[in-house]
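Below you'll find the structure I mean.
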Amino acid sequence: MSKFIEPSVEEIKLEKVYQDMGLSDQEYEKVCDILGRQPNFTETGIFSVMWSEHCSYKHSKPFLKQFPTSGEHVLMGPGEGAGVVDIGDNQAVVFKVESHNHPSAIEPYQGAATGVGGIIRDIVSIGARPINLLNSLRFGELDNKQNQRLLKGVVKGIGGYGNCIGIPTTAGEIEFDERYDGNPLVNAMCVGVINHDMIQKGTAKGVGNSVIYVGLKTGRDGIHGATFASEELTEESESKRPSVQIGDPFVGKKLMEATLEAITFDELVGIQDMGAAGLTSSSSEMAAKGGSGLHLRLEQVPTREPGISPYEMMLSETQERMLLVVEKGNEQKFLDLFDKHELDSAVIGEVTDTNRFVLTYDDEVYADIPVEPLADEAPVYILEGEEKDYNTSKNDYTHIDVKDTFFKLLKHPTIASKHYLYDQYDQQVGANTIIKPGLQASVVRVEGTNKAIASTIDGEARYVYNNPYEGGKMVVAEAYRNLIAVGATPLAMTDCLNYGSPEKKEIYQQLIDSTKGMAEACDILKTPVVSGNVSLYNETKGTSIFPTPVVGMVGLIENVNYLNDFEPQVGDKLYLIGDTKDDFGGSQLEKLIYGKVNHEFESLDLSSEVEKGESIKTAIREGLLSHVQTVGKGGLLITLAKLSAHYGLGLKSSIDITNAQLFSETQGRYVVSVKSGKTLNIDNAIEIGLLTDSDNFKVTTPYTEISENVSDIKQIWEGAIAQCLTTQD
């Protein structure tokens with residue numbers, strides 16, 4: 001008789017306990033078919049988390065198959081803890097992005113902190129030392145006190161974990177829209193570097209080899225966290241606060257260093273982070289990859305308190321834990337290492353040849369499941385989408401007040417400087433950061449070399465809602481341009497797909513179309529997808545977020561010497577590369593004036609992106625350019641203002657465009673500053689101005705003139721978010 005009081009198999013079926021765990025009637029019946037019997041309480045819980053949307057991608061797997069995943073530089077693609085890409089000299093870059101949206105909505109500090117901790121462990125589990133962190137965040141508008149609280153908590157959580165563990169946060173992006181009220185998006189990315197011969201895989205093989213648990217003792221925090229992340233947020237979600245994990249960055253630091261030492265041991269067979277679904281996913285996935293079985297003796301698992309049941313142990317998402325498989329007879333070597341780092345560890349099982357996932361506690365069997373169906377045979381749902389009949393009529397922008405529009409956009413939190421927030425992050429711990437958070441991608445030197453890794457993270461929402469297919473192309477191209485802007489060669493990307501409920505036809509269609517656009521852009525821009533994450537059911541009280549695919553992209557700089565004087569100077573000439581058209585669908589101007597997305601859209605020419613990108617990258621590396629800025633949110637006038645304010649330089653510009661086109665967000669444009677005495681030879685580059693040593697920012701068109709003090713612009717741009725967060729109702 002079990003020492004733990006749990007529902008019987010009959011109660012699970014009759015009272016439909018499995019539904020509370022997230023399994024549908026059909027999924028429960030499939031579990032019964034796989035087992036040839038009704039599952040017990042622990043087995044039901046295990047299937048529920050492994051077949052959750054968060055772990056199985058059961059609604060998104062068909063779309064993910066569209067993405068190109070191989071390429072010249074790819075060493076390891078999707079399927080492991082993170083992607084691995086060659087950077088030459090027997091070195092590789094390891095990177096991935098993950099979401100922690102639902103936990104951050106309920107407990108913003110811990111939700112964000114554990115999101116950072118989890119993505120760090122994904123990188124470390126491959127054997128790489130992390131070199132930088134990035135994040136992509138979405139919140140509701142800041143005139144709402146709840147959104148202010150969420151923003152403050154998330155930023156504090158990101159900084160609190162990253163700063164303590166000693167990894168710089170070097171880049172990110174934050175946008176604000178009422179569609180994220182109560183449902184923030186917190187996507188964390190980590191980048192690491194490794195030598196080829198140290199790359200690890202999450203595999204369990206070799207009959208008789210031992211399974212070692214290391215890290216924090218298992219508690220009851222985070223139970224069913226993967227299931228919680230696969231549901232819509234409702235008024236009852238607050239009661240699921242225990243589903244939010246608790247992070248400990250100081251233990252995280254110890255675990256990181258111990259793991260990086262453990263990978264140097266030849267006796268290590270495989271290693272995986274205990275992330276979503278905790279011990280269940282890490283152990284069963286390792287067994288599946290190794291084509292093996294596992295027997296875990298759960299009484300050996302280090303626990304925080306007595307009485308924790310097998311069900312709770314297997315579903316707990318206690319943070320700062322790793323699972324290792326080591327060669328039999330060499331266990332003590334690893335246990336001694338972990339003891340040296342003051343970490344709890346234990347041998348909790350062994351690899352078998354049964355192809356079954358067996359869990360016992362004091363010799364009583366609590367689960368006996370075939371490995372392959374559990375890990376690889378979750379149901380895949382192909383639903384029906386519904387093409388929306390978009391209104392594509394043109395809005396009227398002919399009578400806008402340029403000055404008023406300029407200042408309203410400049411101080412909107414989406415466009416305003418994020419330094420007030422980023423200053424809470426340690427940006428240079430480790431002393432290898434070359435370009436910090438600001439106007440373009442971050443650049444971090446590869447220690448001991450003259451190489452550097454450029455990284456960026458970018459998301460699109462209004463554009464994707466505007467036209468999912470074109471928006472999907474745009475988000476990949478935006479990341480590509482940001483790497484080009486620092487002279488890097490884009491190598492590969494990771495993605496996080498943040499959407500509402502796929503069971504709604506319109507949202508399912510958004511997934512179909514946007515991933516098709518992303519895949520096309522990846523193919524043409526030669527940026528294969530090597531890792532990623534899907535976060536669905538981002539809805540609050542029945543209202544979906546905007547479809548928000550996020551792309552993290554890395555690039556290689558073979559020699560950083562050209563960055564020594566890569567900063568705009570007085571006397572540099574400004575050029576605009578790329579045509580400016582009447583493109584306002586999904587823009588900040590459209591939001592400011594009309595509020596709703598009108599669905600007028602442009603078609604992105606990906607081939608021209610490559611041509612412009614190569615020309616600009618060459619000009620940077622030849623030392624012709626002192627700065628490159630992509631034209632983004634708010635359009636050309638806002639881009640020029642940010643350039644002027646960020647560097648404290650005067651600017652004088654004359655541009656032959658209309659008033660509205662000052663705020664057009666036509667894709668594929670760059671503003672470049674050419675060093676004094678240098679000549680730029682790029683097709684269709686138009687000289688538009690000069691950087692000066694005055695405090696004057698002056699932009700003239702045939703129809704208007706803006707003339708303001710740079711210091712005033714800087715004060716408004718840099719102070720806007722702080723003002724929003726300190727304003728009382």
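Here the Cβ of each residue, glycine as well, is placed from N, Cα and C on the backbone.
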Since Swiss-Prot lists S99, H100, N101, H102, R121, Q245, E317, T318, Q319 for substrate, which candidate among S501, S514, S531, S535 does it give for that site as well?
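For the substrate site that includes S99, H100, N101, H102, R121, Q245, E317, T318, Q319, Swiss-Prot also lists S535.
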From the candidates G22, G140, G459, G532, give the one listed by Swiss-Prot for the same ATP site as Y57, K96, D495.
G532
At a 10 Å cut-off from the C-beta of D122 (Mg(2+) 2 binding site), count the other C-beta atoms across all protein chains.
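D122 (Mg(2+) 2 binding site) is surrounded by 28 other Cβ atoms within 10 Å.
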Between the Cα atoms of K96 (ATP binding site) and D122 (Mg(2+) 2 binding site), find the distance and write it as a whole number of Å.
8
Comparing the recorded positions H54, K96, H100, R121, which residue's C-beta has the most other C-beta atoms within 10 angstroms in this structure?
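Of the recorded positions H54, K96, H100, R121, the most buried by Cβ count within 10 Å is H100.
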Give the distance between the Cα atoms of N101 (substrate binding site) and N533 (Mg(2+) 1 binding site), rounded to the nearest whole Å.
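N533 (Mg(2+) 1 binding site) has its Cα 12 Å from the Cα of N101 (substrate binding site).
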Near G532 (ATP binding site), which residues of its chain come within a Cβ-Cβ distance under 8 Å, counting only those 6 or more away in sequence?
L64, F67, P78, K96, V97, T494, D495, C496, L497
Of these binding-site residues, E98, D273, E317, D495, which scores lowest on Cβ atoms within 10 Å?
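The binding-site residues E98, D273, E317, D495 were compared, and E98 has the fewest Cβ atoms within 10 Å.
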